[in-house]
Every structure is written in C-alpha cells, then in structure tokens.
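Novice: Structure in structure tokens, see below.
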Amino acid sequence: MGNWVVNEGLSILVILVWLGLNAFLFWWYYRVYDVPVKYHYSRKLLGSALAWARAPAACLNFNCLLILLPVCRNLLSFLRGSSACCSTRIRRQLDRNLTFHKMVAWMIALHTAIHTIAHLFNVERCVDGRVEAKGTIQAALSDLGDKTGETYLNFVRKKIPNPEGGLYVAFTYLAGLSGVIITLALILIITSSTKTIRRSYFEVFWYTHHLFVVFFIGLVIHGAGRIVRGQTDESLKEHNPHTCEKNFTQWGKISSCPIPQFAGNPPMTWKWVVVPMILYFFERLVRFWRSQQKVVITKVVNHPFKTFELQMMKKGFKMEVGQYIFVQCPTVSHLEWHPFTLTSAPEEDYFSIHIRIVGDWTEGVFNACGCDKQEFQEAWKLPKILVDGPFGTASEDVFSYETVMLVGAGIGVTPFASVLKSVWYKYCNDATSLRLKKIYFYWLCRDTHAFEWFADLLQSLENQMQERDNAQFLSYNIYLTGWDESQATHFTVHHDEEQRCD
C-alpha cells in the first residue's frame, strides 16, 4: 500500500508540474505582450486580445513539444529499462504515457480555442482599422506602410470591410490559411480519437490521427508571416510612444516624434518542436524496420471462452515478463496494429499472445488462422503476422520485491501468465536465487469458462511449490462476478458433499 501511495503521489506531482509550467508560460508571455513599451502601439491597435492570443501560443508550443514524446514507444521502453536513467519509482511513471498524451492533447485543444478566439478579435480590429477608424490613432497606425520608407504595424493591407475582409485574411494570408488548416486537422484528430470511433471505426481513427503531420507542418510555418509586430529598438530610442501617442497627427513633422518603425517577430515554434519531431521520425523508422522482420507462427491453440493462442518465433526477439507487442495481420487489415501482452516466459524458446474474440479484427485473425475449422491447418496456410516490440511495462519489476500482489480481470490476466510461467521456470532451475518469496494473486472473471485456459498454469505452479515444500508461496483467489442460479446450486451441492466427506 505504501508503494501505491508513493507512485500515485509521483503521478500527481508530474501533473502539477506540467500544469504549473503551463500556467507560468501563460502568465509570462501575457505580460511580455501586455507590459513592455515595444508593443504599446500594437496594444493600441489590437487591445488586450494581443496578449490573449500570444500567451496560449506559448503554451501551444510547449505542449506540442510534449505531445509526441509519450508515443515514442521505443524511446520509453529504452528509458524504462535503463536503471541509469532514474529511479524505479520515477521510471514507473512512463507506463502512464498514453494518459499523459491524452491530457496534453486536451490542453492543446484548450489553448487552440483561446488563441483562435483572440485572433478573431485581432483580425476584426485590423480590418476595421484599415476601413472604418477614420481620424483615430488606430487609423494612423493602420495607414503606416502605405508610403515609401515606412514599415507597417497592421498586417492587413487591403481595404476590404468586414466580414469579407476577415474571410480574405483567413484564406489568403499564410498565418490565416495555415491556422484554419491546423485547427481543422486538430478537430478531426480529437473527435476521431473518442472511444466509440476508435473501437468501431478504427481505420477512420488511423487515417485522421495521421493528420498530425499536417498539423505540425502548419504549426511550424504558421508564424512565418510575422503578423505580430512590435516597435523596433532603434525606433524606440527616437520615438517614445508614451509622449508621442497624443501627437499622432504630427508624426514625422516634429523631430521628437518621427514616424515609428515596426518589425515582425521571427517564427519560434520550430525551435520547440524540432527535437521531438526528429525523435518521432527515428521512432517510426525503428518501428518499420522491426515490423518487417520475419515472424513464424509455430503453433495455434484454441482455448475456451472464445480465446486462442498464437505461439511465434522471431530472430533476435528478447523479452521480459509482462511486456507487450503490437501485432498486425495484413490478411485482415493493412492498417490496424493492436497491442497484446506477451503470455510466454523469457525462458521459453517462443513468444506467445492470447487473443480473445471481441470484434471484427480479432475474429478475422481467428478465421485466418483456421481456428474456425476442425481439420488440421497446414503451416504454410497460416497468415502473415507483423510484430513490433516488445515494449516495457511495470510488470518487469515483479522480481525486484519479496512480496507482490497481482490483480487481473478477465483476459486482463495475461500479463501474469508471463510472470507465473517465469516464476515456475526459475523455481525449476534455481529457487535460491529468486528474491520473490510470496505472491498474492487475485483474478476476477465473469463466468467459469474464463478459468479454463489459465487453470493448467496455476495448477502446475501450485504442484511445483508443493513438491518443494513451499505451498504458501502462491496464494490465489478467483472471484466469479457473473453466474446464474444453476451454477450457484451446482457449487452449493458440491460444497456440501465435500463437507460431509470431511
């Protein structure tokens, strides 16, 4: 229980640090555009919407730096397996990578909404400044750049009234067009990532999720137009906005208030995202290379409860207990990769997974492997299987403790099949070197059929412990969460018979 509290505490700490950095970046960049004299005239033209647009932009850069890192599975697996990286408790936080990935995605969506809404106000004021704000300082600032020797502050150069002017900016300027594209891409990515779409229409999820390439390209070039502009340092030395603001009609006519000069901010997003983009590019290269290595299905075993087992071999494949792999069956789908926990032990000369039939893809693999036929299936008729992995999980640390508690539900018991098998092999070979002294195993199942494929393993391990006079090593408790009245009567009768025999 103590370890659980520490681990949860670390998770909360990670979340608080992440939220704190977001809050700090928002506050810092809001002040950068709301306080300094450099953006005094920018604020006069745009109002507070300038700072409200730039503050979430900084948070977007930060979160876009983070969004790709949790899905670099090979990088995370390497870090998790490296004791030199950090302590075991901290490395364990890497197992929550997808949860963090989703949280970052929602944060990106939030800041995108704030950034977009603020820029809508900015565009409206820029267009109005060119068309309607006659005789005001906004009009004077908007007209700068029309004459030779002047630099502009208002990036809108054509005098087209709203709403046509706003649409013109959105679809003809680089910042506007790229902003529309990346916002639409983000909307499609997030909406297609919901559990309903992901499970029922996986290929829709797959295709739209790869719009992240469009999103990142658009994000990098979004600031290339340099539409956010401020007064140059040289101009500030000659033209003080606080004293010259009231004399805007005399700019360039009096020596104390020459015409102010402006320049756009250089694009900065690429500096934030270039490293994670490179890391992710190499991640995909590694995945492709590993997935193209030949996999041989050595055995297909039908188990009760709509479960079948694939035993496979792959050159150079090395695993630890509790790890998982991604599997693709091109016969069923060229796009779908599904994660499965390895149920074999590292000591075995093959690796295996157990697949429960719960959808179209799993049923397709079941039929492709000939499990729906009674006759023997020839090896050459078995489908091609692609494998990416293995990848690390928290179960790898099971042998680092003297006492462990394993809790599984339904087919979710598969990680512990690997653990228990490995324990069995270690006891057979050299029990004295095993630090693990006690296992508490809890398994929740819906009906009795779920026990059958796992029962042999538990029985073998229990017999092994009894032969070595260590029957207390494994304590397992199986809970049936769904049964009917006939099953209850059956258990009651047999229980009474056993009591009378005793």
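Backbone N, Cα and C atoms are what each Cβ position is placed from, and that goes for glycine too.
Copied straight from TrEMBL:
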DOMAIN    287-397  domain 'FAD-binding FR-type'
TRANSMEM  12-30  transmembrane segment
TRANSMEM  50-72  transmembrane segment
TRANSMEM  99-121  transmembrane segment
TRANSMEM  167-192  transmembrane segment
TRANSMEM  204-225  transmembrane segment
Novice: Let me check one thing: do the transmembrane segment (99-121) and the transmembrane segment (204-225) come into contact, meaning three or more Cβ pairs under 8 Å with sequence separation of at least 6?
Specialist: no
Novice: Pull the DSSP breakdown for the domain 'FAD-binding FR-type' (287-397) and write it out as helix, strand, coil residue counts.
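Specialist: Residue counts for the domain 'FAD-binding FR-type' (287-397) by secondary structure: 21 helix, 39 strand, 51 coil.
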Novice: At a C-beta cut-off of under 8 Å, are there same-chain residues at least 6 beyond the transmembrane segment (50-72) that contact it? List them, or none.
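Specialist: Here the qualifying positions are 18, 21-22, 25-34, 39, 42-43, 97-98, 100-101, 104-105, 107-108, 110-112, 114-115, 118-119, 122, 216, 219, 228, 268-269, 272-273, 275-277, 279-280, 283.
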Novice: Should anything in the same chain at least six residues away from the transmembrane segment (12-30) have a Cβ under 8 Å from its Cβ atoms, list it; otherwise answer none.
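Specialist: For the transmembrane segment (12-30), the far contacts come to 51-52, 54-59, 62-63, 66, 93, 100, 103-104, 107.
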